[in-house]
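Record features (TrEMBL):
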COILED    B:8-61  coiled coil
DOMAIN    B:24-465  domain 'Amidase'
ACT_SITE  B:Lys77  active site, charge relay system
ACT_SITE  B:Ser153  active site, charge relay system
ACT_SITE  B:Ser177  active site, acyl-ester intermediate
Amino acid sequence: MADISKDQVKHVAHLARLAITDEEVEKMTKQLGDIIKYAELLNELDTDNVQPTTHVLDLKNVMRKDEPRKWIEKEDAMKNAPDQQDGQFRVPSILE
Amino acid sequence: MSLFEYSLKEIQEKLHNKEISVSDLVSESFNRINAVDHQINAFLTLNEEEARNKAKALDDQVGPNSSILFGMPIGIKDNIVTKGLRTTCASQFLSNFRDPLYDATVMDKLNAENTVTIGKLNMDEFAMGSSTENSSYVKTRNPWNTDHVPGGSSGGSAAAVAAGEVFFSLGSDTGGSIRQPAAFCGVVGLKPTYGLVSRFGLVAFASSLDQIGPITRTVEDNAHLLQAIVGHDPMDSTSANVDVPTYSESLEQGVNGLRIAVPKEYLGEGVDPEVKAAVMSALKVYESLGATWEEVSLPHSKYAVAAYYLLSSSEASANLARFDGVRYGVRSEKAENMIDMFKMSRSEGFGDEVKRRIMLGTFALSSGYYDAYYKKAQKVRTLIKNDFEKIFEKFDIIVGPTTPTPAYKIGEKIDDPLTMYADDIVTSPINLAGVPGMSIPCGFSSKGLPIGLQLIGDHFDEKTLYQFAYAFEQATEFHKKLVEVGGGK
């Protein structure tokens with residue numbers, strides 16, 4: 001599997017919604033490449049018959065009743081918003 | 001003598017006898033912070049006015065039935081949400097998050113015990129790091145020697161307790177972030193079993209690994225603080241519904257006849273000789289108390305760090321998607337459309353290490369790589385978990401070092417992510433297996449820096465950890481050595 005290319009780094013940055021500079025692309029390509037190469041260590045292990053662990057407790061589909069309860073008031077929910085209008089979060093245009 | 005050198009029990013007695021007041025305790029905190037925090041930088045936000053007002057109100061309420069934590073000054077890691085008190089995760093992204101809307105479950109529980117929140121403690125940004133150098137605000141310094149790191153990511157939480165700025169604190173631990181700074185700062189830190197403490201209101205880093213835990217000066221105080229924050233929480237679907245023992249009751253049960261496993265992988269290459277010697281001396285102490293020990297193997301240890309970074313970064317890349325500049329946090333002013341707004345806000349708000357981990361996680365989860373990296377790491381996690389299960393069939397506890405070396409110098413490792421990651425070899429397997437781990441002071445290096453002994457138990461067996469920790473503490477003097485801030489150089 002080995003190396004990660006600059007184009008891959010740019011693609012991953014787009015997926016991660018990060019704007020990265022050309023300089024950062026250079027640096028990330030090297031650093032991610034090193035970390036991924038290190039992670040190849042796991043390929044020493046035969047895991048064909050091993051079940052993956054997603055988490056350690058024996059819990060499945062924890063559900064609770066869908067009941068309305070008092071929680072945050074709408075105006076409180078807006079308190080930390082960077083921009084708002086008429087009680088709604090305001091964002092830049094989505095469609096061209 | 002600082003009031004914080006007394007135990008919880010002694011302080012409560014003084015409160016009841018009116019020798020001291022809650023206001024005295026809170027003043028002790030702020031006086032100490034004013035005297036030494038400019039050298040340590042443990043705090044990001046102080047809660048002085050609120051804390052002093054709360055103390056005044058509590059002064060009239062001291063009574064025979066008040067909680068053992070009544071009026072105690074506590075510091076909170078800045079990734080635990082505190083209603084109305086700025087919560088930044090040491091990130092620029094949340095620099096304007098001044099007014100959180102609710103309290104984390106652990107805060108509700110502490111408030112019910114009438115503790116007093118002194119302020120929010122520095123950390124690596126979003127808990128990603130091992131030295132607190134990744135804070136986007138300030139570098140916290142080790143109180144034992146301010147040229148050295150306090151460890152991380154809960155570096156502020158450990159340094160504040162070591163320096164006597166608060167009586168105790170809460171940290172969080174995803175791959176060692178409570179135990180490693182506790183070791184570097186010479187205090188007691190516990191990462192509880194996954195699911196024992198509610199994560200509701202802990203800003204998520206890696207949801208299958210994160211746990212909140214107590215940092216204290218002594219073992220007994222640690223047991224009391226843990227007791228206050230455990231329990232099932234309907235607001236956290238991964239919270240375990242288990243019976244909780246009274247931890248303080250197990251303290252004096254001793255270790256006679258109990259069996260210790262010592263993994264050879266935890267004392268191998270890369271472990272500083274002074275650290276190894278301190279661990280071996282600790283084992284002698286346990287022998288003298290009637291316990292036996294045997295060398296064992298956790299054969300998949302060397303794969304833990306790689307599996308840990310793939311899994312924790314993958315989970316982080318999903319968890320940190322919520323920071324989009326819409327509902328809270330900073331927003332870039334430069335963007336003209338929505339996607340650019342996300343990208344530019346995140347790039348301006350996140351530091352290098354956070355970006356690196358989001359990138360690694362996004363890569364490991366991306367189409368074509370998911371099976372080779374993410375799923376592979378999950379399978380290796382199973383092997384690591386099985387290693388621990390096998391040991392606990394025959395042994396009561398696992399003992400080893402908390403860190404391969406004592407605290408290193410500020411700047412020594414920050415430019416080389418892989419070297420710093422490698423230090424997690426003795427702490428991250430514990431999170432992958434979900435078992436509890438604790439660090440207690442077990443010695444000092446020739447340079448006067450603390451060394452931590454790590455105690456690892458079976459799932460939900462914190463009781464045995466406290467038993468071992470208390471027995472060691474009572475038999476030794478390491479916890480009695482106090483920091484002289486600014487000394488040690």
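Quick reminder: no glycine exception, Cβ is built from N, Cα and C everywhere.
Classification of B:Ser177 (active site, acyl-ester intermediate) by DSSP places it in coil, neither helical nor stranded. Most Cβ neighbours within 10 Å among the active-site residues B:Ser153, B:Ser177: this distinction goes to B:Ser177.
A coil conformation is recorded for B:Ser153 (active site, charge relay system) in the three-state DSSP classification, outside any helix or strand. Following the DSSP three-state reduction, the secondary structure of B:Lys77 (active site, charge relay system) is strand. Summarised as a single figure, the pLDDT of the domain 'Amidase' (B:24-465) averages 96. It is 5 Å from the Cα atom of B:Ser177 (active site, acyl-ester intermediate) to that of B:Ser153 (active site, charge relay system).
For B:Lys77 (active site, charge relay system), the Cβ neighbour count at a 10 Å cut-off comes to 32, with all displayed protein chains included.
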